[in-house]
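What follows is a set of notes on a single structure, which appears directly below.
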């Protein structure tokens, strides 16, 4: 019996693919979008823009998302829900404790970045807001809470990446708050929650086995696909209502250019909702919708700020 080298041509590409899936590069848009949108809203409404603050905040947010992704892999390995997940970082390394240590390093790096930003401003409001967001992020999978297993992950996403992150990014630029944050906060919160919602369609069997009552486990895939459709449509309705009520500048209607991804997501999940293999990539379509709609909204506020 011959032992194949881990670097053999036949296995190396597969291993690289698994590592890419484990690291989840596309998922870091959930850090980029709220910080960019919140900062753009500050510029659009107040004319304030501090590039150094934006850069530190963005890098800190990316580090915190790395903590969330890695620690969630650790917590999922503890419950056994990821036992068949080849692209789990814990399964790839075989070292749960090392992954947990690295995840906490990223958390520390993110918090230190925010602390440096707050120290320079002599204002700890942003750190306090993100502290609440970090706590909520922990409750998603972390013991003893594990609220994601109760189907509350989407609500946590909506609050954390919507009102909390947008308000923190806005405040970091303007040192103030505004009721006009409502439209972009709800918009980004829902678009982020849609990504998590889509991640459940292909893993109903594993969720059931682990006792995880995800929204798709509770609703079923067909009703879940209909809820997804309403959620996607709501992104455009919320923006239109915000414009009509003078809560958002008309330039935010640029998000209409993201409709191709919205239509693709609705059609894809509508057709394959009960076919795990075919529907499994819907979360990446959701990531595209989240990223491009968010960047378009940020561009709209930037445009408004130019007068």
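Placement of Cβ uses the backbone N, Cα and C atoms for every residue, glycine included.
Values in this document were obtained by computation on a predicted structure and should not be read as measured data.
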| message | In Swiss-Prot, one of 6-26, 27-47 is tagged transmembrane segment. Which stretch would that be? | response | 27-47
| field | Of 177-197, 198-218, the range Swiss-Prot labels transmembrane segment | value | 177-197
| said: For the annotation transmembrane segment in Swiss-Prot, which listed range does it cover: 77-97, 98-118? | reply: 98-118
| field | Result, the transmembrane segment (51-71) in contact with the transmembrane segment (125-145) (3+ CB pairs under 8 Å) | value | yes
| request: Determine which residues of the chain contact the transmembrane segment (223-243) at the Cβ level, with the cut-off under 8 Å and only residues 6 or more beyond its ends counted. | output: 182-183, 186-187, 190-191, 193-194, 197-198, 200-201, 215-216, 249-250, 252-253, 255-256, 259, 262, 265-266, 269-270, 273, 289, 293, 297
| field | Remote residues contacting the transmembrane segment (147-167) - C-beta distance under 8 A, at least 6 residues beyond either end | value | 30, 33-35, 37-38, 41, 61, 79, 129-130, 132-133, 136-137, 139-141, 177, 181, 184-190, 192-193, 195-197, 210-215, 217-218
